[in-house]
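Only one structure is covered here, and it is reproduced in the block below.
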Amino acid sequence: MRFLVKLMMIFLVESSWGHFQENFAKRSERENKMPQEVQERLRTPPKLNLKQSLAMNQVVNFYTLKEASSELCRNHSMEFSAGLRSFEPWALKMFDASSKMQSGILAGNLFNFGSFDQCIAVQAETAYGPLKGKHCTLKLRPDTVLLKKILQQHFRKVKIFVENATLDWSICVPDSCISSDVLPHFQMLMETLTEGLNLTVNLKEMNCLVEVSAKRFSFIELAVIFEMLAYVGFTAILTAIDLNAPSRESKIAFMESGFISTCYVIIGHRYLMMMFFPVINSLQIINWTTYYRSTAITGGTLCVDTFFMISGMLVTIGFFEQASKGKVNWFLFYFYRYIRITPPLAIVILWYCTLMHHFGSGPLWNDMLDIIQKPCQQYWWAAVLHIQNYVHPYPLCLTQIWYLTCDMQYYFLSPIILIPFRNDQVLGSINFALLFSLSVAVNFYLAWTHKYNGGVPVTNELFATEYFQHHYIAPHVRSSTYILGLGFGMLIYNQKGKEWNVNTAFVVAGWLVCAATMLASMLGKDEQI
């Protein structure tokens with residue numbers, strides 16, 4: 001037995017020594033090709049023992065791109081290798097700024113961006129010219145077999161969350177290297193180190209970033225800034241005038257409902273937005289969505305319909321107040337609405353299209369611009385015409401204005417209900433009941449056939465899901481609450497100036513039924529996925 005142990009120890013030592021000799025020979029061959037200045041620096045590294053030398057070789061081989069296709073990149077990589085072996089501060093900073101294996105990967109800690117600012121701040125003078133740091137973010141994607149092993153029995157429930165998940169790692173390389181120099185090196189390394197795991201490695205050029213000097217504003221951008229300042233000044237003057245205008249009747253009940261719903265929207269977005277940004281425990285968040293208690297948040301998206309109902313009520317009241325004074329001017333009915341909503345929206349879209357890239361940086365900044373700026377540059381016209389939820393539902397220009405788009409479309413179509421109400425209350429009520437029933441039936445049919453359960457999917461791919469594009473932001477799905485608001489607005493207008501004599505028991509019963517249906521709508525889901 002002792003003989004076998006000794007034999008194994010000898011074998012391990014021989015194997016390690018052979019590996020060391022092989023690496024040393026390769027290193028010597030490469031160093032003989034280096035310029036004299038670099039070789040002189042390589043001859044004076046700190047003395048290392050065998051284990052330290054082996055560790056240094058592994059570090060240098062992993063983080064330096066000595067087989068890059070670009071000659072300048074190879075030369076700068078050799079300079080980086082020389083500086084790292086000599087413990088030069090700039091080289092140590094580049095190594096320190098690169099990602100290492102982070103803890104908590106199996107808990108969902110999938111992002112390691114190293115030290116972005118430290119990397120791009122690196123500067124050094126070399127025999128091949130100035131060298132600066134470049135921060136590149138690699139995306140490692142495991143196959144579904146590995147994901148199933150990690151997630152075990154929960155994989156089916158959370159598949160939508162993890163099927164596009166990537167492990168993001170960052171590497172600090174010389175600025176003379178491009179993505180085509182970096183990617184093959186790490187593809188080969190990962191194929192060797194993770195043999196059998198079927199990891200794929202990807203890198204886009206836009207994910208390789210260097211320090212840039214202050215960006216100058218183009219003529220168009222300066223024109224946009226001037227226009228925005230003029231608009232702000234004009235708005236401030238009109239606001240000052242409005243402060244002295246006589247106050248209008250306050251719709252306090254609407255304000256209370258809006259306030260409660262606004263609080264719920266903020267709470268819901270506070271939770272849901274965590275899926276869009278790096279966190280260290282994303283699998284715990286995913287696991288949370290499989291529990292019933294999560295429906296208090298994921299089902300809360302229905303509170304947005306409160307604003308559709310309030311909007312419908314205000315439109316009806318305003319319409320009949322205007323109609324009571326004489327003939328309705330339909331041109332002004334549409335023109336005032338469009339001119340009041342669209343110019344501020346156009347200003348924001350202009351800012352997104354032109355100025356936004358001046359206001360951020362970092363490993364994810366170009367990815368963010370690709371998601372939120374590019375759609376506005378391509379589909380700004382659909383946004384200002386308020387039709388993008390039908391014309392191009394993904395990606396949306398200003399995703400958050402999906403509500404405004406629906407509200408504008410409802411407003412434009414509201415005369416279909418308002419005119420019959422004005423001409424004949426009975427026929428108007430029948431028309432209202434038919435349209436409301438139709439909207440509910442359409443919503444039910446789509447939810448039933450597509451197996452939607454009323455809860456928004458908690459995933460960083462939310463905007464790309466079929467549910468979001470064809471159900472959540474679809475006007476024909478959301479229309480029932482707006483139509484209901486138009487009907488309630490008619491009821492409130494007819495009762496204006498009259499006493500409301502309602503039995504207390506009826507009020508209590510109404511609140512109980514309202515609370516029960518509201519809770520059933522938000523919490524009545526068996527599971528999130």
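Cβ atoms here come from the backbone N, Cα and C positions, even for glycine.
Per TrEMBL, signal peptide is recorded for 1-18.
Per TrEMBL, domain 'Nose resistant-to-fluoxetine protein N-terminal' is recorded for 70-200. Shown for the domain 'Nose resistant-to-fluoxetine protein N-terminal' (70-200): DSSP residue counts in helix, strand and coil, namely 66 helix, 28 strand, 37 coil.
If you look up TrEMBL, you'll see 217-241 (among others) marked as transmembrane segment. Long-range contacts of the transmembrane segment (217-241) within the same chain, counting only residues at least 6 positions beyond its ends with a Cβ under 8 Å from a Cβ of the stretch, are 343-344, 347, 350-351, 354-355, 358.
Sequence annotations record features per position, and here TrEMBL assigns transmembrane segment to 253-277 (among others).
Proximity of distant same-chain residues to the transmembrane segment (297-320), defined by a Cβ-Cβ separation under 8 Å and at least 6 residues beyond the stretch ends, is recorded for 251, 254, 257-258, 260-261, 264-265, 267-268, 271-272, 289, 328, 333, 403, 406-407, 410-411, 414, 418, 421-422, 454-456, 458, 472, 478, 481-490, 492-493, 521-525, 528. If you look up TrEMBL, you'll see 297-320 (among others) marked as transmembrane segment.
Per TrEMBL, the feature transmembrane segment maps to 341-360 (among others).
Marked as transmembrane segment by TrEMBL: 401-419 (among others). Beyond the transmembrane segment (401-419), the same-chain residues lying 6 or more positions past its ends with a Cβ under 8 Å from any Cβ of the stretch are 304, 307-308, 311-312, 315-316, 319-320, 330, 333-334, 337-338, 341, 345, 383, 386-389, 428, 431-432, 435, 472-473, 475, 478-479, 482-483, 486-487.
Within the same chain, residues 416-417, 420, 454, 470-471, 476-477, 479-480, 483-484, 486-487, 490 sit at least 6 positions outside the transmembrane segment (426-448) and bring their C-beta atoms closer than 8 Å to a C-beta of that stretch. The transmembrane segment annotation in TrEMBL covers 426-448 (among others).
What TrEMBL lists as transmembrane segment is 472-493 (among others).
Sequence-distant contacts of the transmembrane segment (505-524), counting only residues of its own chain at least 6 positions beyond either end whose CB sits under 8 Å from a CB of the stretch, comprise 292, 295-296, 299-300, 302, 454. Positions annotated as transmembrane segment by TrEMBL: 505-524 (among others).
Same-chain residues lying 6+ beyond the ends of the transmembrane segment (253-277) with a Cβ under 8 Å from its Cβ atoms: 161, 285, 297-298, 300-301, 303-304, 306-307, 310, 313-314, 456, 458-460, 462. Long-range neighbours of the transmembrane segment (341-360) within the same chain, counting only residues 6 or more positions beyond its ends whose Cβ lies under 8 Å from a Cβ of the stretch, are 215, 217-218, 220-221, 224-225, 227-228, 231, 368-369, 372-373, 376-377, 380, 383-384, 386, 397-398, 401, 404, 408. Mean model confidence for the domain 'Nose resistant-to-fluoxetine protein N-terminal' (70-200) is a pLDDT of 85.
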